[in-house]
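Enquirer: Dropping a structure here in structure tokens format, bear with me for questions.
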Ligand code: SF4
């Protein structure tokens, strides 16, 4: 019986340096009411010139996105950063695990900067290395570890990616999860899927045809994950009990209500949504898939989208000829993504322009090498690797 009782680090709090960081911004932030914030960010960015490359995740606020040199999902942005080795500073407007991935994929001469160190990811925080090592020990005790291939979603800490690299495992994104899982099943009879149970379940059941009851959930806060040795031995997929606090909110009831209210509406959701929501949706796919679907949709069509609200609002504004709405009754931004705001960006850019390197995100060499192993196994697979 093994368990590690590590608390989930709530937003911006906690000091487990092996997980998503949650510390205070060390600098003097300009007040949000400063009317010159846009001018200050523009001036600082211009002063830095080609020395800085600003990445903006799709879920970022408009006030931040306007300064991004490139926008995209986490993996695309990390690769975009790697394609700019001349940029001394990579300012990542996203969350901590994304900045880690960018640090792994960029050169030692480049510094990756996160404007607010408290911008973690609640999903990534749900799988801490000590917990995963305890789970692996339980799999060994159950006599199945040598049959298990660990697969981690891009949305995980560098520690977890490195764990997968050390144990014959691999990284996946939301668009290649099926290909990656098939690769894993060519190498073992079981998959340990981290940290998003919903992406794991949706892929296993809907893409690979694995029966729902062959998916079990490992609860890191329960002894032996809350599972018996027999349940572990009988399972095909062991899903880590993690989820996205944003995508996990969408409910099947809302889908039913919208269909009743707006006949012909299309329900388009991200695979981080609950299985019951995905089952009721018309289309499911990554953020890039969602963007492309709306771009290609005919004028006059109606869409309810189950993903982060900043992106949905931008899509609605960009496509006034279509009816684009949010698949939830209440406002639901990613609160950690939203920690990156204009004051933090101004502070970051002005600090860098003044020669002060702030909020650098670094991954130690061994962890980076092991994580790179897991990433490379994904990159070597045929098909799409972008999008999440
Ligand atoms: S949207 Fe979900 S998975 Fe993405 S950063 Fe926010 S909490 Fe993490």
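Each residue, glycine too, has its Cβ placed from N, Cα and C.
Caution: TrEMBL annotation is automatic and unverified by curators.
Note that the structure is predicted; figures quoted are calculated from it, not measured.
As annotated by TrEMBL, iminosuccinate binding site applies to 57, 74, 153, 154, 155, 174, 270, 271, 272, 287. The [4Fe-4S] cluster binding site feature in TrEMBL is assigned to 121, 244, 334.
Situate these features within the shown structure.
Expert: The number of other CB atoms found within 10 A of the CB of residue 155 (iminosuccinate binding site), across every protein chain shown, is 28.
DSSP assigns residue 121 ([4Fe-4S] cluster binding site) to coil in the three-state reduction, outside any helix or strand. Counting Cβ atoms from all protein chains shown, residue 121 ([4Fe-4S] cluster binding site) has 25 others lying within 10 Å of its own Cβ.
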Enquirer: Just to verify a number: CA distance, residue 334 ([4Fe-4S] cluster binding site) to residue 57 (iminosuccinate binding site), in angstrom, no decimals.
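Expert: Rounded to the nearest whole number, the Cα-Cα distance is 12 Å.
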Enquirer: Tell me whether residue 155 (iminosuccinate binding site) sits in a helix, a strand or coil according to DSSP.
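Expert: DSSP assigns residue 155 (iminosuccinate binding site) to coil.
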Enquirer: Tally every other Cβ atom lying within 10 Å of the Cβ atom of residue 244 ([4Fe-4S] cluster binding site).
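Expert: Residue 244 ([4Fe-4S] cluster binding site) is surrounded by 24 other Cβ atoms within 10 Å.
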Enquirer: I need the CA-to-CA distance for residue 121 ([4Fe-4S] cluster binding site) versus residue 272 (iminosuccinate binding site), whole Å please.
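Expert: Cα to Cα, residue 121 ([4Fe-4S] cluster binding site) and residue 272 (iminosuccinate binding site) are separated by 14 Å.
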Enquirer: Write out, in the order they occur in the sequence, the residues of the chain not among 121, 244, 334 that have a C-beta within 8 Å of the mean position of the C-beta atoms of the recorded [4Fe-4S] cluster site.
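Expert: These residues sit around the [4Fe-4S] cluster site: 59, 95, 122, 123, 124, 155, 245, 246, 247, 308, 336, 337.
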Enquirer: Any same-chain residues 6+ apart from residue 272 (iminosuccinate binding site) with CB under 8 Å of its CB? Would you list them in sequence order, or say none?
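Expert: Within the chain, residue 272 (iminosuccinate binding site) has Cβ neighbours under 8 Å at 123, 174, 196, 198, 199, 243, 244, 246, 247, 248.
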